[in-house]
């Protein structure tokens, strides 16, 4: 027997399988300021105690495996293991629990969302002892946040670049999303920007397809926004989608956008991946480009209520990885509770500090120290009648994006943009005068439509679609 084997035997190593809770359930643990804290919604299999389920999550997402191993003795598990330190039942749900897990910071590579997620939302989500598992929230410690660049520029720098203050920004996704030639696509961009919007957007599906290669689209869109800028005297932007099949092609597109002198590019951060997104965000800061983020594929991850990951976690991850805008949903037409939840993660995107507030879905107090904020983008099924609600709900630091609500105007693209800009300016002026947008919203829009025929036509075409506060 070798000396090493004798040493291990003498300290009582015993092969076999033991309950996770014996090692990883530690209700007496006091969390550290440097710990990453996670709140998991755990649905154990029948017969599995919640303490064992919570401990299994902590183990399988940190140092644990299914059996005792010799090499446990070659490191300090107390230093590196995750710990399930608190469990509470979910009100109104049978056999569901919120399990709180603390992870030592040394488990994670600095500045890598990819590595953080590989551990925390990795193989543990397929663990047989659990019927379902959902990551509801994360507390990112300041010590870890400071290893990330974060958003390339942030809200204030973007406003300074665009010279636009005191109101939400207006955007429009060009439709149809697929099938237009580059020249016709550029024409639509020009008409909408000339009509008064601040931004137009590539649809997330638009990369470099046979009907419209990326370089042609970039050239025609750049020509369109420069022409619109010259006519309106305002700085304009088009979200040029740099998402590609390889990081090399993505960077090639970002470099060409910079050479054209446009102000902003775009990335699909979930389908493109966090490594690609962080790479692009670093390039954007170094080269003065704003970065618009689309969340295509998010519903695959966050739609189920008891499995996957809540979007607030994806939003926090984006703020670490880097982006100046991100789509956040519209809130319009949602139930009141859902509105509070949505505005909870909107505040997590924008604010420097957010207090714990379970009614808004915020499980942990979160400080972002000097990390710039991200503008939430409200888009999807909105039109001029929604403008008072959107202005009231999202405030100035947001992007309100009307696709069909611009391009569906009966008189064409430019009048559709005019209608949205007039509606927004009317709502902002009314708010600044102290009027209540929640109660007087429809009246404000009707008053503005009396001197704007474009807005009057938009009001008529969408009058049957109502928003209820």
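Cβ coordinates are placed from backbone N, Cα and C, and glycine is handled just like the others.
Annotation comment: Swiss-Prot describes 3 as N-acetylproline, evidence class sequence analysis.
According to Swiss-Prot, the feature N6,N6,N6-trimethyllysine maps to 14.
According to Swiss-Prot, the substrate binding site annotation covers 123, 173, 177, 295, 327, 379. In sequence order, 293, 294, 295, 376, 377, 379 are the residues of the chain that are 6 or more apart from residue 327 (substrate binding site) and have a CB within less than 8 Å of its CB.
DSSP assigns residue 175 (active site, proton acceptor) to coil in the three-state reduction, outside any helix or strand. Long-range Cβ neighbours of residue 175 (active site, proton acceptor) (same chain, at least 6 residues apart, Cβ-Cβ under 8 Å): 203, 403, 404, 407. Positions annotated as active site, proton acceptor by Swiss-Prot: 175 (among others).
Look at Swiss-Prot and you will find 201, 203, 204 tagged as Mg(2+) binding site, backed by sequence analysis. Residue density at residue 204 (Mg(2+) binding site): 21 other Cβ atoms are found within 10 A of its Cβ, drawing on all protein chains shown.
What Swiss-Prot records for 201 is N6-carboxylysine, and it gives sequence analysis as the kind of evidence. Taking Cβ-Cβ distances under 8 Å and a sequence separation of 6 or more, the neighbours of residue 201 (Mg(2+) binding site) in its chain are 171, 172, 173, 174, 238, 239, 266, 292, 401.
In three-state terms derived from DSSP, residue 294 (active site, proton acceptor) belongs to an extended strand segment. Look at Swiss-Prot and you will find 294 (among others) tagged as active site, proton acceptor, backed by sequence analysis.
Residues or ranges marked as site 'Transition state stabilizer' in Swiss-Prot: 334.
The CA atom of residue 177 (substrate binding site) is located 8 Å away from the CA atom of residue 204 (Mg(2+) binding site). You'll find the Cα of residue 123 (substrate binding site) roughly 29 Å from the Cα of residue 204 (Mg(2+) binding site). Here the recorded positions are 294, 295, and the one with the most other Cβ atoms within 10 Å of its Cβ is 294.
Annotation note: residue 123 (substrate binding site) sits in a helical segment as assigned by DSSP. Ranking the binding-site residues 123, 173, 379 by C-beta neighbours within 10 Å puts 173 at the top. In the three-state DSSP scheme, residue 204 (Mg(2+) binding site) is classed as coil. Other residues of the chain with a Cβ within 8 Å of the Cβ centroid of 201, 203, 204, the Mg(2+) site, are 173, 174, 177, 202, 205, 206, 239, 241, 266, 294. When secondary structure is read from DSSP and collapsed to three states, residue 327 (substrate binding site) falls in the strand class.
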